[in-house]
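Asks: Okay, here's the structure, questions in a sec.
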Amino acid sequence: MVTIRADEISNIIRERIEQYNREVKIVNTGTVLQVGDGIARIHGLDEVMAGELVEFEEGTIGIALNLESNNVGVVLMGDGLMIQEGSSVKATGKIAQIPVSEAYLGRVINALAKPIDGWGEISASESRLIESPAPGIISRRSVYEPLQTGLIAIDSMIPIGRGQRELIFGDRQTGKTAVATDTILNQQGQNVICVYVAIGQKASSVAQVVTTFQERGAMEYTIVVAETADSPATLQYLAPYTGAALAEYFMYRERHTLIIYDDLSKQAQAYRQMSLLLRRPPGREAYPGDVFYLHSRLLERAAKSSSQLGEGSMTALPIVETQSGDVSAYIPTNVISITDGQIFLSADLFNAGIRPAINVGISVSRVGSAAQIKAMKQVAGKSKLELAQFAELEAFAQFASDLDKATQNQLARGQRLRELLKQSQSAPLTVAEQISTIYTGTNGYLDSLEIGQVRKFLVELRTYLKTNKPQFQEIISSTKTFTEEAETLLKDAIQDQMERFRLQEQL
């Protein structure tokens, strides 16, 4: 028979009493009233804050967006198919944040910063809020360094600086993504971290962009944030903020970053869907009243940091899709008014074979020549005006039967200038190559060539300069000015190449 020892029992009871935790844990909970279309209505959650994360019984996370008198409207970060009516929901006391680290470079992630490329987990010790306040006036300095896109039309006439926000907009299939991806390819060796945010696109389009980056070695310095067309509206709405948080992480570590939002029209549509399902009152084009704030708080996070903060920068290139070239629609005008300039891609120019299809008349950079090196200012200063005058003259010349010699010469020069701005996709040019190309056109060296020969001649000239006159590239890179020595080298190269080119054409 087992003997019961009173002292052992009393010791056990004493230990249990000492281990007893008198803390009371108060959890803010609620009950699901209804769920569907990515929206849940919750009764309870009395002390929940706007934008707070809530957790459902089966693990789905949501964001409390609508705080009404008798219920809370929550948008779901998932399909929510397992959420049942009457199940419990608890407030987490947190707002959306993501892990950040250098390990994200070269990876493809979703809006929650989870990898979707099948290469395993990403280690991160720090985290950043998805929505963080933009730098203030004192934290910034004016834009003064160029961010080279590698596209002659942009770098010479619509220059972009580090810390600038430049809108790229146009109809579908006009090469908006191509301009953005070419800019990323051109950052190779420039010590710029790139973030490409794909919002609501086809998975095949995103895969194509990622493949291009991998083939050209651009993934080494690029992070791709992707939420495809089949993702919940909540995640499409959050994706740009996730990209901005990652870019900010590098900016505040005194690095230069470039972020591309492709495209903000889809984000606005996702936000409109969420708002209408939450029964918020619709405004113009059925968008909610705060759709301007949706984009302004995102784009204001792009900045050029002050000297005290290490002069890091975050350059934003948002993309917006227009319908039938309507520049005055709601979202395009909103984003135009937020950004420091815009690049308009025209469907008519694209179909006419002018690619990149940049409409120089409507496009503008509000930073201007502050974002150009001195050499580019010296060579390309008048090219935008000349092209604008040519476009006007060309329209007029269609109605005139006989034109004087000066007008004919101006038209011929304009046609050749337009020809030298044409560029193949994924073929960015260095600054020295751009300067040599523009100088050749604006100084009349191409006037004697047929229009069809211009591009072939320029390609050969750039190759000739690289192999026979490497000093030209060195002078531009080191001094950043178009010196007399550089001009002499370039003139000699043009004359030598012109003679060789004419001999080749005669054979």
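Backbone N, Cα and C define each Cβ position, glycine as well.
Below are the features I grabbed from Swiss-Prot:
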type    : residues                                                       : note
BINDING : Gly170, Asp171, Arg172, Gln173, Thr174, Gly175, Lys176, Thr177 : ATP binding site
SITE    : Ser363                                                         : site 'Required for activity'
Asks: How many other Cβ atoms are found within 10 Å of the Cβ atom of Gln173 (ATP binding site), counting all protein chains shown?
Replies: 12
Asks: When you average the Cβ positions of Gly170, Asp171, Arg172, Gln173, Thr174, Gly175, Lys176, Thr177 for the ATP site, which other residues in that chain have a Cβ within 8 Å of that mean position?
Replies: Glu321, Leu345, Ala347, Phe350, Ala357
Asks: Compute the C-alpha separation of Lys176 (ATP binding site) from Ser363 (site 'Required for activity'), stating it in Å without decimals.
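Replies: One finds 13 Å between the Cα atoms of these residues.
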Asks: Which of these binding-site residues has the least crowded Cβ, counting other Cβ atoms within 10 Å: Arg172, Lys176?
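Replies: Candidates: the binding-site residues Arg172, Lys176. Fewest Cβ atoms within 10 Å: Arg172.
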Asks: For a quick check of understanding: among the recorded positions Thr174, Thr177, Ser363, which residue's Cβ has the most other Cβ atoms within 10 Å?
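Replies: Selected residue: Thr174.
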Asks: Would you mind ranking the binding-site residues Gly170, Gly175 by how many other Cβ atoms sit within 10 Å of each Cβ and giving me the lowest?
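Replies: Ranked by other Cβ atoms within 10 Å, the binding-site residues Gly170, Gly175 bottom out at Gly175.
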Asks: Compare the Cα of Ser363 (site 'Required for activity') against each of the binding-site residues Gly170, Gly175, Thr177 and report the nearest.
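Replies: Going through Gly170, Gly175, Thr177 one by one, the closest to Ser363 (site 'Required for activity') is Gly170.
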Asks: Applying a 10 Å Cβ distance cut-off over all chains shown, what neighbour count does Asp171 (ATP binding site) have?
Replies: 18
